[in-house]
Ligand code: AMP
């Protein structure tokens, strides 16, 4: 059996690995570390949870033992799609590099430039960045990339999803061609393969898990659900309460607005819950994640972008509040549980409008997922259109679906939840009333935006290109379009006034 000592790592690194309690390298580590130490390019196809981070951090630490950093000329560069992943890689450098005296600089959004400048002045051995913030530093003339010996592009498929590829191409042009490149991606769609072909020279290819496979230890189930959000929330609560072995769970939503709504709703219903989405400031995100890791929070509602690649060990359950639109996101979400051979459970709420996405998922994972309590045909048909559906939810059908769960709750809690259920129904009614007004406002906004765009059109295409990059680079702080004004969160009373005027 291969041991860490067989891989060619330095004594300092081996001793830190022993202290971390690792005895056997994972397949990606055994495959990537020896060629990386020989300065070969690497194309690693590995999901998070496979020990992928150490597979580039350990050889980098060994290689960095020779040589010294110069002011504003980093020696190595690691690109990560999100701030959390960047911070996580920095933690790995601290853990495995505890016997080294290396300067690690983390350049992410939401942190002051001054602090980061000071680190760069001292000379960084390792620079860990989100693409936008790095380009910002380069533009400010604070950073020279000509000394970079090793470039790591991590989570390449996620970079593609987030629109970072043009930024990465710009960054790669600033780095000497003679560099060593370590490239990692969980999946290898054609666009990513093309990128790898452009960036890598004669790479060693290591593939440790089929990108389309889900762990065998995860029990996957589908839950037939009506389409309204408040109905989905009620069904989700019911499923959560059913799980006697639930230790902690991540609940995924497709949109960040739903993350916020679901978080508030679960909180109102007395669950121990946190949220993670791109609109939160860095401090809140870090605190939230720490609370979840320390088991102070049981449920974490998250969007794909915010949760992707985070190292949260031992999650017992994953709930998909929405069926993911991209089938590979399903694989990533499910990958949060059942890690390292542990058992896990994943439940996905499916509405009638989700069937094409579900088909794509089942095709990708090459198997049919079982329904938990009957498939979509078992859902009661809405009797008389939306209005009745709404009324029925508060009083009859929904309550009938979960008598055991309600009975199990303390009566005051059940009463409160009943009131809250009605509040949510009422909210839904108001939401529907104001929907048309919102549509009108959106149409107005769009036409105003069109006028603004026209006013700002530059005769110089280079400026447009620059502006597009600036727009994109803020994506590391976000996971969706930034709303104008109140966005979708316009207080209902304001809309009602607008309605009265019309
Ligand atoms: P990653 O895929 O880099 O997110 O790593 C997933 C988890 O595996 C992290 O918590 C690591 O600390 C842990 N890990 C990394 N390498 C090993 C190893 N050789 N043996 C056991 N655990 C490891």
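Quick reminder: no glycine exception, Cβ is built from N, Cα and C everywhere.
Just so you know, TrEMBL annotations are computer predictions that nobody has curated.
From a predicted model like this one, the values you see are computed outputs, not experimental measurements.
As stated in TrEMBL, the feature motif 'Q motif' covers range 2-30 out of the listed 2-30, 31-59. DSSP states for the motif 'Q motif' (2-30), grouped as helix (H, G, I), strand (E, B) and coil, give 18 helix, 0 strand, 11 coil. Taking the domain 'Helicase C-terminal' (238-380) as a whole, pLDDT averages 88 in the prediction.
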